[in-house]
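Here the structure comes first, spelled out in structure tokens, and everything after it is commentary.
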Amino acid sequence: SVAMKHLTSFKRELGTLIDAVNKRGRKQNKRGGNEGSIMWLASLAVVIACAGAMKLSNFQGKLLMTVNNTDIADVIVIPNPSKGENRCWVRAIDVGYMCEDTITYECPKLTMGNDPEDVDCWCDNQEVYVQYGRCTRTRHSKRSRRSVSVQTHGESSLVNKKEAWLDSTKATRYLMKTENWIVRNPGYAFLAAILGWMLGSNNGQRRWYFTILLLLVAPAYSFNCLGMGNRDFIEGASGATWVDLVLEGDSCLTIMANDKPTLDVRMINIEAVQLAEVRSYCYHASVTDISTVARCPTTGEAHNEKRADSSYVCKQGFTDRGWGNGCGLFGKGSIDTCAKFSCTSKAIGRTIQPENIKYEVGIFVHGTTTSENHGNYSAQVGASQAAKFTVTPNAPSITLKLGDYGEVTLDCEPRSGLNTEAFYVMTVGSKSFLVHREWFHDLALPWTPPSSTAWRNRELLMEFEEAHATKQSVVALGSQEGGLHQALAGAIVVEYSSSVKLTSGHLKCRLKMDKLALKGTTYGMCTEKFSFAKNPADTGHGTVVIELSYSGSDGPCKIPIVSVASLNDMTPVGRLVTVNPFVATSSANSKVLVEMEPPFGDSYIVVGRGDKQINHHWHKAGSTLGKAFSTTLKGAQRLAALGDTAWDFGSIGGVFNSIGKAVHQVFGGAFRTLFGGMSWITQGLMGALLLWMGVNARDRSIALAFLATGGVLVFLATNVHADTGCAIDITRKEMRCGSGIFVHNDVEAWVDRYKYLPETPRSLAKIVHKAHKEGVCGVRSVTRLEHQMWEAVRDELNVLLKENAVDLSVVVNKPVGRYRSAPKRLSMTQEKFEMGWKAWGKSILFAPELANSTFVVDGPETKECPDEHRAWNSIEIEDFGFGITSTRVWLKIREESTDECDGAIIGTAVKGHVAVHSDLSYWIESRYNDTWKLERAVFGEVKSCTWPETHTLWGDGVEESELIIPHTIAGPKSKHNRREGYKTQNQGPWDENGIVLDFDYCPGTKVTITEDCGKRGPSVRTTTDSGKLITDWCCRSCSLPPLRFRTENGCWYGMEIRPVRHDETTLVRSQVDAFNGEMVDPFQLGLLVMFLATQEVLRKRWTARLTIPAVLGALLVLMLGGITYTDLARYVVLVAAAFAEANSGGDVLHLALIAVFKIQPAFLVMNMLSTRWTNQENVVLVLGAAFFHLASVDLQIGVHGILNAAAIAWMIVRAITFPTTSSVTMPVLALLTPGMRALYLDTYRIILLVIGICSLLQERKKTMAKKKGAVLLGLALTSTGWFSPTTIAAGLMVCNPNKKRGWPATEFLSAVGLMFAIVGGLAELDIESMSIPFMLAGLMAVSYVVSGKATDMWLERAADISWEMDAAITGSSRRLDVKLDDDGDFHLIDDPGVPWKVWVLRMSCIGLAALTPWAIVPAAFGYWLTLKTTKRGGVFWDTP
């Protein structure tokens, strides 16, 4: 019906157009137009158009017409002189413009009366061939949906130092992520180990748990290089002539032998050259020039002439033919289709020949080396102290000449770790891989040998679609590069250009030292004085490098240097690594480097003799016995931060594709809110723990609830990225990011608890090395936190660079002024540097020595490293970590080049009349007063990035010249960054420290607005260089109060404000030109762990050996943020409840659920519907409340604070009425939920109100109701905020004078509560202020003392009193029955009180007086008129 409506409307529109054309023609006739000439011209135009678009030629002996998409709109007429006109119709839907992708097929002849069948082209007089292009301008050519199945490569069997390609699909990536989690959350890892021990009840179970834990921490150990760091020391026996060495990739050996010079032998590179090409695979093909030849039944086989061309792929078949497609008989007709195959992208496989593997080795002598020549290879070669050589299987032996040191011979056995017969180097796109030979040969892709250009198995990347009567389409498959990369998971990535650098393999050499000799043994001792050019430095290998400066000129001479245990005993200890050090030149002040190995403990390095002797105290940590275990121990202590890149969940399987989407949509939001700040491993462990509890639960409903919750947690932990952002609170001037808090307090001091850390120092060191090779000499930090990050990792980077033989050191200088920008960027790389266990362990304690080349971070601009050669803004935030003392922020290299600041730490907000732009450096505050204007800005530091538009408020149509904080130093492009009378402060004092921008007068100065004032200029300080104050200032058209900058060096005015008259030479000018809500607490594992630990303590007796480590572990976890102080409070409450219920059969599981899920009180109202629930009912009700809580967070439905306060008030009243363990514990836990701290006062007020109303409802006597009702009514009036609490309180006191001796204990608490309510209404204080309880305590103490009546009372027996039965009651006076209370006062038993009308009138007078001070006098007069009788009134405090 819908289709018919569209067709009807289309027909109507068509009729309207035809009518309009007809009417226009009739008008032309009336005007005398020549219709015949018009028709002739139209026909001529059609013929010319057809001739211009359609082309005629021949194909296989028949006519071929070439058409485009404009020709198929109408009948195509082909003139034929012999047979007359041939009309053809083309109805193909894939006609495009002409290109290489063409198709040719036959248009059959259909006789009159036959409808076309299974053809999209036909003619009425003669069959012809049609040809057209299939390209379109809007999309790519049609591709096949099919893909080639490529078998997975599998894990490489090579022992390799580099990570495999897409290794994340295997278990090793899981272990690496586990290690990453352990590094970032060590407290959780420690507790997980304790849990694993405690969960096992026997040795067998404990072994299983230990196996699991070992799997979790296995990546911390690596057996490839265990016991071998990047530098090993080998000692030859006395008199030995040779020593065997084993060199690995990037390793270095130091050889020491008696009476021989010390040598360093280093493996520099393993490289394979002249790779032979084996086979090329095509993974992306294109199909062009398709042609189809068809025959009718009984007319023979169809034959396409293009079969003879080897570049074409052809396929024969049969189709149904008959009258509807140009055949006289019905049956199967032959069809032959050919298409041209061409390869667009190919993967090439190459083989490595064993004889083409080269090993580059360097040998260095520990001789007389100056600090300038240290690490300078060319200088050392010139001094015959170093040599490089290449070892190949064809030349395994080499002899090196070392000048005066003799010569050394190496006989090597090259043993590559690579079995060249089993591996190929396969290049796919820009990446190369080491692949197994069998896998390579079994690839189901078109291939060609290197000696041929013809492709085999081409049909694997082509698809012949279903054949029609005379037409068959052919399409190519899409690029298979993605499938190849996925299948290559586990293969080792290599770098290939013309050669391949191998990362596996070793070289076994025999070093012959018989011809080595010490140099300088005949020299005399140096007699002049030495001095330490630099303090001795630890190398990180247990040795010390000393740079000495010699003042004498009697060289060459030997250096008297020794290491002694005491200056009183000159017995040498330790040994010299640089054997027989000497000064080589006779020039004065020459410098020499000496390396020595001091003993463990304290020692002295003594240089020189006699009175010219100098010494340096040295301490070497460790012990002689411990040295034997240092390699393995330091390996075990290694902590490696591995990146989470390339994590791939393809191995989970397709079963989650449908279920997972639903789970993600339902629970994803709640999961991010509750668990966003946690590591995914922690989330997974929690899910596994819930699954384990579900399996062990006896009750079916509880088991199902645990299993469902645990399963959802495990799924979301592995599928939802744990991201957290920043939240901003304007009133408290605080900004939260991750799990930390950033506070900007009232004294304008920044307290930041953030610590930036690189994703992994190994990759950062490689990035620095790569940047330095590309001409980047240093880095400019964007913020002070990035600068602190470089300072923190500097030593570790330098160790990595040194251990990988890179002559480069990272130097971090103190930043000067603002943080400036630079044009270059650091680029990402997948490679990482390697570091041995020993080197890592020593890097923690000792800084490495400085290399010859430096990579400079911050500091002043120098000629060696100008800003144009530095990188900047290359790092962005990846993730937030844990911690109470600081939030760890993990960084990664930016993939794109941008000048924008990192948006992950930026918060913007508008609340009321205040707008704030804020990040970890800036707090920019604007206020609305008739118009929005900038009010103040506080700068932790000044940076040079640009504020992103995505985090900018009201940024439409802003002119940069109006921005007070310039856009180039991260000023927001916002209309909030403006103020009338001021333009952009591009020459403000932005290089100063501790800048606060606001609008006020600098102390001791005045500013006047005058036309005679000077023009804008750089900001000027209000004090001169000598400290003299400049008092008179002016501006032309600024607004007052003036713009000022307060800095550490004084007060500065804005650029519009100039000094009236002053000596220009003494002014201090700015040298800058700037133009060049609430968060829900995360679910924490800590509380759950404490419950389990307590259970184990109760189940088993813990000895001191277990208790002390457990307490220390708990303290560690508390410091690291795994347990919060609120968790401790919840834990104490729950343990108390568990002990209280231990002997009564009660259950505290529902209370534990309230504590762990932090359920808001409003969702627990259902538990209040009955005074007694069974244990199972309690658990189910709380689970329901937990689900309600999760749903409200996910749907972002906030629960109003009054509802939560009312719920807690009702819980407290219920606990007072029915004091069971559950009813008492529940309100305490509810008060500890997030956000309840701001509702304590509301809760107290509601409790008072509930008790008051209940007591009024139960009051049987009108008098008491009037007394208590008056106070409650006054309290209700004051809570609205419209009535004065002081006036109402005074009025009630006057009405009811206190005549009691003192307060009873029950009424004292009522007094405290009422004072809370009144003072809370009077003073709008912060919820964290302690002034309320302090003020109340003082007020109550004074009031109690002043208002009380004290009487000395004693008992004295005067006489015996007895009742006489004769005493009769006579008279007609009214009888008054009284009772005596605890305070000794008499009360009428039945006192009606004042009439209701008088009571209402009095309350109205008191309320009127409280409403406005002007009504106090008339209200007092009206009140006095009601005082007709005198009655004893109750005390003011007589209220619940």
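These residue numbers are counts, starting from 1, taken along the chain as shown.
Note: Cβ is positioned from N, Cα and C throughout, glycine not excepted.
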- Query: So, in Swiss-Prot, which cysteine from CYS945, CYS1002 is disulfide-paired with CYS901?
  - Reply: CYS945
- Message: Among CYS1038, CYS1051, which cysteine does Swiss-Prot link to CYS1035 through a disulfide?
- Response: CYS1038
- Task: Between CYS1013, CYS1051, work out which one Swiss-Prot annotates as bonded to CYS1034 by a disulfide.
- Result: CYS1013
- Item | transmembrane segment according to Swiss-Prot, located in which of 262-282, 1081-1101, 1102-1122, 1270-1290 | 1270-1290
- Based on the record in Swiss-Prot, give the one of CYS296, CYS314, CYS509, CYS526 in a disulfide bond with CYS412. CYS509
- Message: Between CYS343 (disulfide bond) and CYS412 (disulfide bond), how many Å separate their Cα atoms?
- Response: 46
- Query: DSSP says what for the region 'Fusion peptide' (320-333): how many helix, strand, coil residues?
  - Reply: 3 helix, 5 strand, 6 coil
- Message: For the C-alpha pair, I'd like the distance in angstrom between ASN929 (N-linked glycosylation site) and CYS252 (disulfide bond), rounded off.
- Response: 71
- Please tell me which one of the recorded positions listed here (CYS252, ASN852, CYS1035, CYS1038) sits closest to CYS338 (disulfide bond), measuring Cα to Cα? CYS252
- How many of the residues that make up the topological domain 'Cytoplasmic' (696-701) does DSSP mark as helix, as strand and as coil? 3 helix, 0 strand, 3 coil
- Note on the structure: For CYS557 (disulfide bond), the spatially nearest of the recorded positions ASN68, CYS252, CYS509, CYS945, CYS1034, using Cα atoms, is CYS252
- Note on the structure: By Cα geometry, the one of the disulfide-bonded residues (CYS282, CYS412, CYS509) nearest CYS1035 (disulfide bond) is CYS282
- Would you mind reading off the Cα separation of CYS777 (disulfide bond) from CYS1013 (disulfide bond), to the nearest angstrom? 47
- Which whole-number value in Å describes the distance between the Cα atoms of CYS945 (disulfide bond) and CYS1034 (disulfide bond)? 33
- Message: Using CB atoms and a 10 A radius, I'd like the single residue among the disulfide-bonded residues CYS343, CYS557, CYS1034, CYS1038 with the highest neighbour count.
- Response: CYS1038
- Under 8 Å by Cβ from CYS901 (disulfide bond), counting only residues of that chain that are 6 or more apart: VAL782, ASP919, LYS943, CYS945, THR946, TRP947, PRO948, ALA970
- By Cβ count within 10 Å, point out the most packed of the glycosylation sites listed: ASN852, ASN929. ASN852
- Item | Rounded inter-Cα distance in Å - CYS314 (disulfide bond), ASN852 (N-linked glycosylation site) | 67
- Query: Roughly how many Å separate the Cα of CYS1034 (disulfide bond) from that of ASN852 (N-linked glycosylation site), to the nearest whole number?
  - Reply: 55
